[in-house]
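**Student:** For 67-127, the entry in TrEMBL reads DNA-binding region. Under the heading domain 'Homeobox', TrEMBL lists 65-126. As annotated by TrEMBL, domain 'TLC' applies to 129-331. Annotated transmembrane segment per TrEMBL: 37-54, 138-159, 179-197, 259-279, 299-323, in sequence order.
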Amino acid sequence: MEALLSGWLWREDFWLPPGTRWRDLRAREHLPLPGDLLYTLPLALAFMALRYVFERLVGVPLSKRLGVRDKVRVGAPPIPQLEDFYLQRSRQPSQGEVVSLGKQCGLSQRKIQTWFRRRRNQDRPSNTRKFCEASWRFVFYLVAFSAGLASLIHTSWFWDHTEFWRGYPKQALEPAHRWYYLLEMGFYVSLLLSVSADVKRKDFKEQVIHHITTIFLIGFSYCTNFVRVGTFVMMVHDSSDFLLEKSAKMFHYAGWRRTCDSLFVVFAAVFLVTRLLVLPVRVLYGTLVVSRRFFQPFYGYYVFNVLLLVLQALHIFWAYLILRMVYKFVFMGKVERDERS
């Protein structure tokens, strides 16, 4: 049964272009091995541990240094009946439920409503917590972008998208690109594992879809040796992500309005250019059209492009939010708040 499942999972016609066999790849050195992806789980756990240490030893002191302030909130008094209702049924009871709870607890409707409002406020993340989360992501994305750019700028495919496919699938994998892949995938696995504990934003569902799609995209492209185009996609994403965490988040929580607004303009420009121009022209056109000059389409070709299109749909959604913020900035004089927070 195990052999049958393994044979079905690693079918050559799914993972490889026509005329290519697994034995052809095993005969060559420095090619990506699917087993390498097993390292991403311990890497994800290591990222989570490192984040815990970073946020407490770096994030919190830095937030105080930059003047991040938390609102003083009045806590809700302990009332077991209301706490059970809050946790098990609803955080916002209807009018009928307020009346019923008031009778059970011997409290007026106004006091019941006040209790739930204060209880909801207790669960709202503080600015310090938001700042620490943003600072951790900023550091990772900045390091990842810098390392990715340094490892790719000397390659032929950084400048010519047809080189993504020349010699495919027997393209050697450099050690730096292998680690770039494993670390990026490990980081996104860590984000997915911690998503329930992280600050929930307006686009929470889109973020979960993004993390899952990104993990599948990284893992799938590694197994099919779409590494050249994959490293380019990761580097382009990281180029704007670190600006988002620094401009629209860190300085926003610190109350540095002018700095936040100025950096937001830079972020918006980089995001719109990279996600709506560079990726469609350099990547999507390359994967959908140019690649067919070098090999016949196979199952992996279609899966990879579907995942890229899902990612591009999310880019369009976020571009809409960003353009809405740009509109507010231009016509109202400032960015009121991060639409994603």
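Glycine is treated like the rest: Cβ placed from N, Cα and C.
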**Student:** If you average per-residue pLDDT over the DNA-binding region (67-127), what number do you get?
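**Tutor:** When the pLDDT values over the DNA-binding region (67-127) are averaged, the result is 84.
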**Student:** Count the CB pairs under 8 A between the transmembrane segment (37-54) and each of 138-159, 179-197, 259-279, 299-323, then give me the winner.
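**Tutor:** The stretch with the most close Cβ contacts to the transmembrane segment (37-54) is 179-197.
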**Student:** By Cβ distance under 8 Å, which residues at least 6 away from the ends of the transmembrane segment (179-197) in the same chain are close to it?
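**Tutor:** Apart from its flanks, the transmembrane segment (179-197) reaches 32, 36-37, 39-48, 51, 140, 144, 147-148, 151, 207-208, 211-212, 214-215, 218-219, 222, 227, 230-231, 234.
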**Student:** Looking only at residues six or more beyond either end of the transmembrane segment (138-159), which have a C-beta under 8 A from one in the stretch?
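**Tutor:** 47, 54, 174, 176-177, 180, 183-184, 187, 228-229, 231-232, 234-235, 238-239, 241-242, 245-246, 249-250.
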